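In Swiss-Prot this protein carries:
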type	residues	note
BINDING	Cys280, Cys283, Cys315, Glu322	[4Fe-4S] cluster binding site
Amino acid sequence: MPAVNLGMPKVPEVLAPRRKTRQISVGKVKVGGNAQVSVQSMTTTQTTNINATLQQIAELTATGCDIVRVAVPHQDDADVLHILAKKSQIPIIADIHFQPRYVFTAIDAGVGAVRVNPGNIRKFDDQVGAIAKAAKAAGVSIRIGVNAGSLHPSLLQKYGKATPEALVESAVWEASLFEEHDFHDFKISVKHNDPVIMVKAYRLLAERGDWPLHLGVTEAGPAFQGTIKSATAFGILLSEGIGDTIRVSLSAPPAEEVKVGLQILQSLNLRERKLEIVSCPSCGRAQVDVYSLAEQVTEGLKHVNVPLRVAVMGCVVNGPGEAREAELGVASGNGRGQIFVKGEVIKTVPEAEIVQTLIEEANRLAAEMPAGSIGSPEILV
């Protein structure tokens, strides 16, 4: 029976059509409508430290970040936004709490968008008209950022705690105020640190209007826990077509947030998949150290930036089948590895040469692809 090479699908399947929303602009990045789901992060530097902040933004840009948010807790931070907005490679969102005057400074600075928290900005409802007028004149969009940790006291009194309904009521009320002033260039987030409550809130919000939605699990936690929480919540919502831009919140370097966010989108076929390592979890049948093999191959191919699936399998049960379905793979056993390329065995090599052979073949395949970007290979054997 001839080998069937599945590899990367030519036309990726998605679980559900994207929800129809209005489209807004955050600087040069489109959000909502038919735009791809964008990935955001937030700097961890002191915003007034311009060089450090721009360096971190450059690192985020290189990682694949589309939009970056910076904290504006003080007037000094607001005063440097015009420099950051001018020099940043990607659009900047100014994150504003408590002080409404910082919103106007940010708009005048030329940022891509301003995030406002209706739960803690002083007399926010009274400021909406002026904010809408200034933002509209400057072509700056707004994010209405509702957060479970800073809901207005009246909503906490009404609902007893930060329920999905409380989050949505806050968001819809503020949206209605902006729309009363003929301002429609905004997106909404209703964040909670419990993925279940967060999912329920976004589902409710999606039913109430055509606003673009920014997905986030707030205060998700350390890298492992936060990744699980965000992947769970985002996976559910995005698979239902809900969500137009995402931020994975981790107690980790910002670039890690971007990597996780991109991987979530790639896993759902909402972004073109890049390098994908398929490796077995190992068991008593494994005849090689699969963990070490997979890690070495991953490290050695981290420079590859094309849709390439590489299977690293440790035995003959699923190994040959998985290897055939990848562009490149190895089925290991008895001190040797069968190397598959596009479904066909091209050679058998000693176990000690598996990693080097896979890296060499991956580089060759990547170079043949139109979007190939193979960088400088790093071989660990």
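Yeah, the Cβs are placed from backbone N, Cα and C, and that goes for glycine too.
Distribution of Swiss-Prot features across the structure.
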{"residue": "Cys280", "record": "[4Fe-4S] cluster binding site", "Cβ within 10 Å": "19"}
{"residue": "Cys283", "record": "[4Fe-4S] cluster binding site", "Cβ within 10 Å": "10"}
{"residue": "Cys315", "record": "[4Fe-4S] cluster binding site", "Cβ within 10 Å": "19"}
{"residue": "Glu322", "record": "[4Fe-4S] cluster binding site", "Cβ within 10 Å": "21"}
